[in-house]
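TrEMBL has this to say about the protein:
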- 32-55: transmembrane segment (TRANSMEM)
- 32-266: domain 'Membrane insertase YidC/Oxa/ALB C-terminal' (DOMAIN)
- 98-123: transmembrane segment (TRANSMEM)
- 183-204: transmembrane segment (TRANSMEM)
- 224-257: transmembrane segment (TRANSMEM)
- 336-435: region 'Disordered' (REGION)
- 353-377: compositional bias 'Basic and acidic residues' (COMPBIAS)
- 378-387: compositional bias 'Basic residues' (COMPBIAS)
- 397-418: compositional bias 'Low complexity' (COMPBIAS)
- 424-435: compositional bias 'Basic and acidic residues' (COMPBIAS)
Amino acid sequence: MLEMFIYPVSGVMRLWHYIFADLFGVSQSQAWVASLFALVVTVRSIIAPFSWMQFKSGRFAIMMRPKIKRLKEEYAERTDKESILEQERRQKEIQEEYGYSMAAGCVPALIQVPVFLGLYQVLLRMARPKEGLDATVHEPIGLLTSDNVRSFLDTRFFGVPLPAYNSMSPEQLAHLGTDQPTIHAFVLPLIIAACVFTTINMIVSTLRTRYSIDHDSEFAVSTYRFLIVMVLVAPIGLLQAGLFGPIPAAICLYWVANNLWTLLQNNGMFLALRWKYPYDNDHRAFQAERRAQRAERVVLKKSRKKALRRLRNRSLIQPWKIAELRQQARTIKNEVREEKEAEKARKKAIREKRREAENEINNEKNAERLEKITRHVEKYKKKKAAKKGLDPKSNNQQEEQTTTEPQDPEQSSTTPPSDSDDNPQDHHPEKPSTD
């Protein structure tokens, strides 16, 4: 699956190496290092418009969220077909007002992820070929030939071989012509720089999410909390992988270039969106309102937990009241459970009724589409018949006229009867006798 993305990425890298080495006369090592950075810049520049589309689509979705939420709350209890159609019409009007398109938010991600995987796979396969570093012939990687791979493996940057990594054994490093202190001194600053760029980028993303989070969605709140944890965990994982994992120096260079580009691109796009599409007062008021509602829900949930904890502590201090305290705890739990089940049943009944109405609407729409397709097919057949000089209607009319036209009585009376009608046996003369 990745091969189809490895070919164009490898072609771009080979083109840059040709430009630097053959046209500009740069040495092979410098040409490969420059090609690595040029490859990152080229691929990320091509993908930048799709990233902008994705950022802008997300911004529009956040800006129109107050109107969409209020619209859904207005029609939440309505299950008739007319109300559902009216809700769809009004929601479509809101999306058109903001220029929102769902495809603009999904398609760029489907394009970016495979390209990133192709870029990473090209560099990883070149730095760690499956034939090993000692092989003289290597399997081509996309459009990169065996000689290109061998030349890349012989590349040195500040005296460090690009295939070398920090956790290599001293024998392997000696075979590559380097040692542990040299590779450690080269890789450590690169990994630290990559960690710093990644941390800054994640902090900015967390702050951006904080202002645009959907407080009504528990999934969005959980994702935001997970993102906060990842701000601390991701740099540690990156540092550990770079120092103790089989991460070649070429991949460390890629991490620095790619993370720096991501930091500059995302922050630049965020500032551009904030300047071009600022949040209005309605959105700020809506976010403050929903944040307060979520805080109330959290306080209520904590108060119930505190009440249960208080009853458990009292049961330890007053063991003679254990039965009474347990009954109170069960009462609190049953109230919460019954409240959740009642709300869940009510929403389920509404969803089922709305689903029935939506199915009816979809069936009507499908029937209209089928009728429209049938009309187009008939129209196409008529045009095709007209091009051939045949008109189905005129042919049918001619056939009807020939079948229904009466015979002329005078012509039928003057026509003499044939002998065959009087004596059918005349057509079959008797055979001569053999006596």
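Just so you know, glycine gets a Cβ as well, placed from its N, Cα and C.
Keep in mind that TrEMBL annotations are predicted by a computer and have not been checked by a curator.
Among 98-123, 183-204, 224-257, 98-123 has the largest number of CB pairs under 8 A with the transmembrane segment (32-55). Residue counts of the compositional bias 'Basic residues' (378-387) by helix, strand and coil are 10 helix, 0 strand, 0 coil (DSSP-based).
Broken down with DSSP, the compositional bias 'Basic and acidic residues' (353-377) shows 25 helix, 0 strand, 0 coil. Looking at the domain 'Membrane insertase YidC/Oxa/ALB C-terminal' (32-266) alone, the prediction's average pLDDT is 87.
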